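What TrEMBL says about this one:
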TRANSMEM  62-84  transmembrane segment
TRANSMEM  96-116  transmembrane segment
TRANSMEM  122-143  transmembrane segment
TRANSMEM  155-172  transmembrane segment
TRANSMEM  184-204  transmembrane segment
TRANSMEM  225-242  transmembrane segment
TRANSMEM  262-284  transmembrane segment
TRANSMEM  312-333  transmembrane segment
TRANSMEM  368-386  transmembrane segment
TRANSMEM  392-411  transmembrane segment
TRANSMEM  431-450  transmembrane segment
TRANSMEM  462-483  transmembrane segment
Amino acid sequence: MRDHGKSTTDELQLAALGHKGELQRNFSFLSMLGLAFAILNSWTALSASLSLALPSGGSTSVIWGLITAGICNLCLAASLAEFLSAYPTAGGQYHWVAVISWRSYVPLLSWITGWINVSGWIALVASGGLLGSQIIIGIISMYSPTYEPERWHQFLIYIGYTLAAFLINAFMNDLLPYVNKGAITWSILGFVVISITVLACASPNYASGDYVFRQFVNETGWPDGIAWLLGLLQGGLGLTGYDAVAHMIEEIPNASVEGPKIMIYCVAIGTFTGFIFLTCLLFVSGGNTEEIIASPLGPLLYIIHNATQSRAGSVCLLMFPLVCLLFATTAIMTTSSRMAYAFARDGGLPFSPFFAKVHKRLGQPLNSLILTTALTVIFGCIFLGSSSAFNAIISASVVALGVSYAIPVAINCLRGRKMLPPRAFTLPSWFAWPANLLGIAYVIVTTVLFVFPPELPVTGSNMNYCIVAFAVIVSISTVQWFVDGRKNFTGPRTEMGIEALEVAQSEQPHDLHSATDDKKYDAELRV
């Protein structure tokens, strides 16, 4: 049952941030954690994307790359959780940037952050159908060795995933909290069942611990160090998207307290389950990395089939990640549409009034949902022109979202970490600076590396078209800025109605730790 007291406080806080609450707060803590976990779906995404890391470092890249990405993303998630607690609005990063930036740069920095974030979420929607289509193509290849997959085959499966997610979002909006609870239950069940089954079936023929934790392979043509760092893309994919909590924050009660917890928990759970699952897979893999990479079945299906020695059993186990990926695509599309809606609400998109409308009967921003779906389909056309489409789409999502995470954290650091008001969640001072700086450094390194081609020599076919996608996005946003944004976009409201915000925050339970260095507003916030 909805808590009207908390909802009233949440709406008052949202009003203080300059917006009227139009979305229903239907999501409980568990259902929102389910949505966030469904978006990360770390064990599924990591296992389905083994082809990213195995050629770029082998097992060491798979295992220790995940640990590296996990630590860095936990630092970023904790850093963003402070912003979410202070400003619980669906705009997320671009709103936070507007609040803490130098006044003369607010419109431009907010505009840039918003466009990067919207683009990253659309690319992330594409990743679900991309991974699912790869698994299905592998199943077909296992049952029909003479089958020769074409790019358009995978593209049609990708379209099927995208349209299914659209229909669920468009016509089952009231049921989405239950769908997300089902998603986390199904995901955890699949994680347990597959782990136990493959270990039991493969016993006692396990790969050595040396293979699982120390084996290094480089089939990329890049120097070994660069190759290992390129393998971080797998860990980055499995742990990105946690800002979903921010973009859905207007649909959960007690937002400024529960939101930060969910943001951090989902990354921690994803790192833990991903490490356990990948370790299990490598132990039952047979210990031949070159054979795994070359298999037409794809790494995940090859490993499961190697462990079970049963085609039927392998397909049954793969039903867990296939359904998880549909849950993930649905949840990512939900969040992407809310992000587009929030940015349009502040005038950041072309035809913003149209995309900022909430459909009265369906209770959701249907126009933004249609926009997200259409752009996802267009983005997927990279399939038809590049053999490295997989790396390009994954790189685009991880890089764009990573940059959007780092911008508000970097600006806050440049301003001495004094730009956030008192809030329910504050990092302790001894941890805040190291966490902020480590997160920023991780984004800088991965942003440069993840636009590299996945292998050498570079050809027109294997080029990483992530950089081309970014060029298109930058071109459109630049033209839109000079046509409309420079004149009319001022960013979200930052003169927050201090009295209303203080009243709202005084009614929030401050059950999370706080530090003294963030208890004062910067004078610029009150101007």
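FYI, residue positions are counted from 1 along the chain as it appears here.
Glycine too: its Cβ is placed from the backbone N, Cα and C atoms.
Any TrEMBL annotation is an automated prediction that lacks curation.
Quantities reported herein were computed from a predicted structural model and do not represent experimental measurements.
Taking Cβ pairs closer than 8 Å, the transmembrane segment (96-116) reaches residues 83, 87, 343, 346, 348, 400, 403-404, 407-408, 411-412, 415, 419-420, 473, 477, 481, 485-486, 489-492, 494, 496, 522, 524-525, 527 in its own chain, all 6 or more past its ends.
Highest Cβ contact count with the transmembrane segment (368-386) among the listed stretches 122-143, 155-172, 184-204, 225-242 falls to 155-172 (criterion: pairs under 8 Å). Residues of the same chain lying 6 or more positions beyond the ends of the transmembrane segment (62-84) and with a Cβ under 8 Å from any Cβ of it are 46, 50, 53-54, 92-93, 96, 212-213, 228, 231-232, 234-236, 238-240, 242-243, 245-246, 249, 256, 259-261, 263-264, 266-268, 270-271, 274-275, 278-279, 282, 402, 405-406, 408-409, 412, 420, 423, 425-427, 431-432, 434-436, 438-439, 441-443, 518. The list of residues near the transmembrane segment (431-450) in space but at least 6 beyond its ends in sequence, with Cβ under 8 angstroms from a Cβ of it, reads 69, 71-73, 75-76, 78-79, 226, 229-230, 232-233, 236, 395, 398-399, 402-403, 405-406, 409-410, 412-413, 417, 466, 515, 517.
Ranked by the number of CB pairs under 8 Å to the transmembrane segment (155-172), the listed stretches 184-204, 225-242, 262-284, 312-333, 392-411 are led by 312-333. Tertiary neighbourhood of the transmembrane segment (225-242): same-chain residues 36, 39-40, 42-43, 45-46, 49-50, 52-53, 55-57, 60-62, 65-70, 73, 77, 80, 124, 127, 216, 218, 263, 266-267, 270-271, 274, 332, 335, 391, 394-395, 397-398, 401-402, 445-446, 449-450, 452, 454, selected by CB-CB distance under 8 Å and a gap of 6+ residues from either end. Within its own chain, the transmembrane segment (392-411) is flanked in space by residues 49, 52, 76, 79-80, 83, 93-94, 96-97, 100-101, 109, 112-113, 116-117, 119-121, 123-124, 126-127, 130, 233, 236-237, 240-241, 243, 379-380, 382, 386, 419, 436, 439-440, 442-444, 446-447, 450-451, 464-466, 469-470, which lie at least six positions past its ends and keep a Cβ under 8 Å from the stretch. In summary, the transmembrane segment (122-143) lies against the transmembrane segment (312-333): three or more C-beta pairs, each 6 or more positions apart in sequence, are under 8 Å.
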